[in-house]
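According to Swiss-Prot, the protein has these features:
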DOMAIN    27-113  domain 'IGFBP N-terminal'
DISULFID  C31-C56  disulfide bond
DISULFID  C34-C58  disulfide bond
DISULFID  C39-C59  disulfide bond
DISULFID  C47-C62  disulfide bond
DISULFID  C70-C86  disulfide bond
DISULFID  C80-C110  disulfide bond
DOMAIN    98-157  domain 'Kazal-like'
DISULFID  C112-C130  disulfide bond
DISULFID  C119-C155  disulfide bond
DOMAIN    159-263  domain 'Ig-like C2-type'
DISULFID  C180-C247  disulfide bond
MOD_RES   S238  phosphoserine
Amino acid sequence: MERPPRALLLGAAGLLLLLLPLSSSSSSDACGPCVPASCPALPRLGCPLGETRDACGCCPVCARGEGEPCGGGAAGRGHCAPGMECVKSRKRRKGKAGAAAGGPATLAVCVCKSRYPVCGSNGITYPSGCQLRAASLRAESRGEKAITQVSKGTCEQGPSIVTPPKDIWNVTGAKVFLSCEVIGIPTPVLIWNKVKRDHSGVQRTELLPGDRENLAIQTRGGPEKHEVTGWVLVSPLSKEDAGEYECHASNSQGQASAAAKITVVDALHEIPLKKGEGAQL
């Protein structure tokens, strides 16, 4: 059997070498030897999101944050800060038809892996774990205590009064209402009490509506998340309905209250022209 010419074998071997992947060799050739002394200096005040390595894995560089460009090649995907990943941006991909034909590489941005709110040890809710970590690094740079994640989701907080009830003046037979808006996490439970004081000044409360036929209580969630709005409707108004009414909110983290007075008169001319601030008819 006749052997193939030596020139033909050499040509085939050369062709195989040309077909081999060149990514790893070309990458190492582009990077060259690592010389830490020649690495550019980092910012004087340090990196806000910590450090990572450059595309060659040699020089320290500042890690990139959410929404900042990253990537450009497989070796460059380590530029994002810990807890983030380099994801192609659909918005930036539009109009890049030339990229498939040897044009510029598709750009990408750093995106947080945990895209849900978290509660920090400082009692503040952060939109993501990445933003909590960034806040912790800023706190440490100021010499403050690091912030850690306490739980997933928003931080629990005691109730607070968003809109308190207002004092009311009106005549007997009228229809009046008090309203109160509260917020808290978990969502508070809102109740109404009528405050009574005896001759010695001792206060006691009567849970409403009780057995009053002319009084109704209504409560609904909102207008914002974890908010509750409640109303007391009195119709028809009588002298017995005069007094102090308390809006009381409570949850597992605490309680809050606000009060307003209903003053009942026989005729409109008995209502003083200058009432306390926030009073209404």
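Even glycines carry a Cβ here, placed using N, Cα and C.
Location within the structure of each feature annotated in Swiss-Prot.
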| residue | record | DSSP class |
| --- | --- | --- |
| C31 | disulfide bond | helix |
| C56 | disulfide bond | coil |
| C62 | disulfide bond | strand |
| C70 | disulfide bond | strand |
| C86 | disulfide bond | strand |
| C110 | disulfide bond | strand |
| C155 | disulfide bond | coil |
| C180 | disulfide bond | strand |
| C247 | disulfide bond | strand |
Among C34, C58, C119, i.e. the disulfide-bonded residues, the one with its Cα nearest that of S238 (phosphoserine) is C119
CB contacts under 8 angstroms to C31 (disulfide bond), restricted to the same chain and 6+ apart in sequence, sorted by sequence, are A55, C56, G57, C58
With H, G and I counted as helix, E and B as strand and the rest as coil, say where DSSP puts C119 (disulfide bond).
-> strand
If you measure from the C-alpha of C110 (disulfide bond), which of the disulfide-bonded residues C47, C62, C70, C86 fall inside 10 Å?
-> C70, C86
Nearest to C59 (disulfide bond) by Cα, among C34, C47, C112, C180 (disulfide-bonded residues)?
-> C34
Indicate the candidate from C62, C110, C180, C247 with the smallest number of other Cβ atoms within 10 Å of its Cβ, considering only these disulfide-bonded residues.
-> C62
Looking at the disulfide-bonded residues C62, C80, C112, C155, C247, which ones sit with their CA no more than 10 Å from the CA of C86 (disulfide bond)?
-> C80, C112
